[in-house]
Amino acid sequence: MWLQRRDRLLLVAALSMLLAADIYFHLWPQLLLRLGKSCECSAPPPSRVSTSPSTQEQRGIEGGTTVGGTGSKLRDLLSHPLYQAQVILPPTEDRLLTPQEILKSYKKRVSHLNRRRRGHRTEGNRSIPLTEAKFDPHTPWLQFHMEISKDALYSRSSNVVDRLLNRMGNMTIIGADYTPDEKALNGECDCTQIVKPSGTHLKLVLRFQDYGKAMFKPMRQSREEETPEDFFYFVDYQRHNAEIAAFHLDRILDFRRVPPVAGRLLNLTSEILDVTTNEDLESVFFVSPANNVCFFAKCLYMCKTEYAACGNPHMLEGSLSVFLPSLNFAPRLSVPNPWIRSYTFTGKEDWETNPSYCDSVKLLPPYTNLKRLLNVMDLAIFDFLIGNMDRHHYETFTKFGDDGFLLHIDNARGFGRHSYDELTILAPLYQCCLIKKDTWQRLNLLSLPEYRLSDVMRESLSNDRLLPVLTEPHLEMFRRALQVKCRELSNYTPDEKALNGECDCTQIVKPSGTHLKLVLRFQDYGKAMFKPMRQSREEETPEDFFYFVDYQRHNAEIAAFHLDRILDFRRVPPVAGRLLNLTSEILDVTTNEDLESVFFVSPANNVCFFAKCLYMCKTEYAACGNPHMLEGSLSVFLPSLNFAPRLSVPNPWIRSYTFTGKEDWETNPSYCDSVKLLPPYTNLKRLLNVMDLAIFDFLIGNMDRHHYETFTKFGDDGFLLHIDNARGFGRHSYDELTILAPLYQCCLIKKHTWQRLNLLSLPEYRLSDVMRESLSNDRLLPVLTEPHLAALDRRLQRILQVVNQCVQIYGEDAVLIKANVLQPQPTNTQEKVVQS
């Protein structure tokens, strides 16, 4: 009996300990979070000036004398009625995140990071100990994430941003790594990798002790150094001080769409090299002949020792941009800017020649929503003030739909030339002549002497640790820039890119990339994309090649068209092979002097040409005839975007486009469940069309499907265009099963697609035999080698195996979707039309 009582006491003691641990580690932090209790130790020091109205009412601010007599133009500005803080908090549904989900994930990630770092410390026998991350539910970056709403990244009355800026300036750095490849600050990733396999961007991800994370862009040039006049906007360096100044300007304009950015002087040795666990990052550090510590990025161009960033000898300043919430919690959509530039040396886009371009934009979603169009006007004004011509895309939070604000991120190419105003940045404004009334009122307010923008910016930037952030000529530029009005400008000639409609010239399509291709115009005014032969049909892609650095194959375009037709998809524009005379059929008929200049005769007396671009576009990468004749593929152009606008959509199963990185779908077997919740994939037909595309890509071996296109007119019910297939048919001896990830993760397929695949597996309709016969009609025989034809049969069997496994698990009715299920249900009006 005594033993039983003792056992009861032990049991009660154990349960009490578990309850206490649960209260301390789970319930108590959530209670504090809901009560909104803040940590006094993380508040900015009194010597710092806050641009938060609520904070400024509590302490004095140093600055110039103003009409209001407060001694600060910045404080007077933020006290103006146009800048008064909202007193009503946005409803829960207008918040980007819920405190419960982010806090729970935060705790798990801190624990996971610490376990991983302990493993590194044990395995690496490090002489310098690794500092562990600390769990703090009141950390400013976490509060910042939870304040993001449908209207802005932070509220006017919030003091969290000031605390966050202060914290970034002195918080202990516990980790440094290369940035994830998620296209322009696209949140978090579970991998360690370089942002892009190419580019001029040198940047790192720094992890703080409170688990906060920031993007570090080092100083590459002095503030006094202007961008040379001969530089194109897409080859300029990125400037760390531009990121800092852009954040302050965005805040002064009351957009509040730039994540907080602060300057900081870092010790490259103790704060980056000593804390990183990435051996690749360690390997790019070196000591220069001047005994300065330097590092460079690993990429395809402008990432060698001669382009390194160097300390003095260890210290280097840079910008720290706070990361946005993880894409797991807050997915974002990257949208091409309708006023995108051509990114060529001489080309022009449609908006540069068509004064009525805005009228066509207004007809296209999401710009049928006036709020989205007005947000583009705000972005154009912001870019004009900072001088940024490199706004090719913008991002929005998926949760908020078309009504959500645009993120003003990636501003490092601003503030390059204070002596020049690029008026075409304002094209959205002067072509649409639309602007939000409150934006217009604030611009007028900032043009007044008592609220002069240059003075307010100078005062706001004085709070940063890297003084001066901008030179006086850059600050004075604001006064001139605000005087620009809506007006007409002269016209230019068009330059539309690959498959983007019509053009009256014959020229190189793109100024960059590994793609060598031309636009050919025929006598009947038809137009085709010419991709020349770069390698023989027998040459396989080497095993060590990444999918994004491989050559494009002309015969792959031809074979893909025939396969698409055999599968009855009919989504590839017609493609034919042709043997061209480079001299008489291209060089002699072009009127483009740039194209003429890239033709040359090789030492073997063959006529050759190459593209003008930033890498892999030199004479050593040229396409050569024999001596004049060269075969290639001719792909028919789709209708002009003026008549048939198209939407480019990121593939939800996009790859990381890095050397080691993984995307979420590559690690999450339930990834399809999250895709189904996001438009347009809530429409089953769109999701099934993605399955068709995956099957098509698997058969041709194409891993490079980062986007797909649809005709805007047909909406989510429209088919997907199966274009740009030149990276298919590279390796006949290998099947990349991950291309089928949409199929084996979703376990969905159109029933008639499934029936055709089974039909093509039968001996009497064998896919390889049908393809061989179809390709025999092309002029360039053989289009595919026999091993590639045999690979089609093998891959077809793999597809059938995957579907059969799905059927065994979920049943035929759940996996094989009939065509009538995809038809929209008729309304009463539709029923009457059918009856009549």
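Just so you know, the numbers here start at 1 and follow the chain as drawn.
Note that Cβ sites are derived from N, Cα and C of the backbone, with glycine treated the same way.
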>> Looking at ATP binding as recorded in TrEMBL, which candidate out of Glu349, Glu395, Glu422 goes with Lys217, Ser321, Val322, Phe323, Leu324, Asp410?
In response: Glu395
>> What are the sequence-distant neighbours of Asp390 (active site), meaning same chain, six or more residues apart, C-beta distance under 8 angstroms?
In response: Tyr233, Phe234, Asp236, Arg341, Arg413
> Asp410 (ATP binding site) has how many other Cβ neighbours within 10 Å of its own Cβ?
Replying inline: 24
> For the binding-site residues Val322, Phe323, which one has the sparsest Cβ surroundings, going by other Cβ atoms within 10 Å?
Replying inline: Phe323
>> Can you work out the mean pLDDT of the predicted model over the domain 'FAM20 C-terminal' (599-815)?
In response: 92
